[in-house]
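Quick look at what Swiss-Prot annotates:
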- 26-56: disulfide bond (DISULFID)
- 30-49: disulfide bond (DISULFID)
- 38-70: disulfide bond (DISULFID)
- 21-70: domain 'Kazal-like' (DOMAIN)
- 1-20: signal peptide (SIGNAL)
């Protein structure tokens with residue numbers, strides 16, 4: 001039982017640390033400049049930074065299809 005509890009504590013710590021690293025990596029300071037781009041997910045983003053930030057946070061591969069709205 002002690003071993004099980006120890007494994008649970010270690011697993012929770014590992015998940016928390018991994019999420020913290022992801023949050024730091026994706027924490028981008030994007031400007032409010034409106035230079036729309038069309039993402040490969042079919043959504044219009046206000047600028048390239050916003051697209052990159054969304055892709056990082058959602059852990060998806062979203063690329064710029066073209067400048068301008070979709």
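Any Cβ shown, glycine's included, is placed from N, Cα and C.
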When the Cα-Cα distance from residue 70 (disulfide bond) is computed for each of the disulfide-bonded residues 26, 30, 49, 56, which gives the smallest value? 49
Where does residue 26 (disulfide bond) sit in DSSP terms: helix, strand, or coil? helix
In sequence order, what residues of the same chain, 6+ apart, have a Cβ less than 8 Å from the Cβ of residue 49 (disulfide bond)? 28, 30, 31
Which whole-number value in Å describes the distance between the Cα atoms of residue 38 (disulfide bond) and residue 56 (disulfide bond)? 16
Sort residue 49 (disulfide bond) into helix, strand or coil using the DSSP assignment. helix
Surrounding CB atoms that lie within 10 Å of the CB of residue 38 (disulfide bond), all protein chains: 18
Nonlocal residues around residue 26 (disulfide bond), in sequence order (Cβ under 8 Å, 6 or more apart): 53, 56, 57
So for residue 56 (disulfide bond), how many other CB atoms are inside 10 Å of its CB? 16
Could you say whether, by DSSP, residue 56 (disulfide bond) belongs to a helix, a strand or a coil region? helix
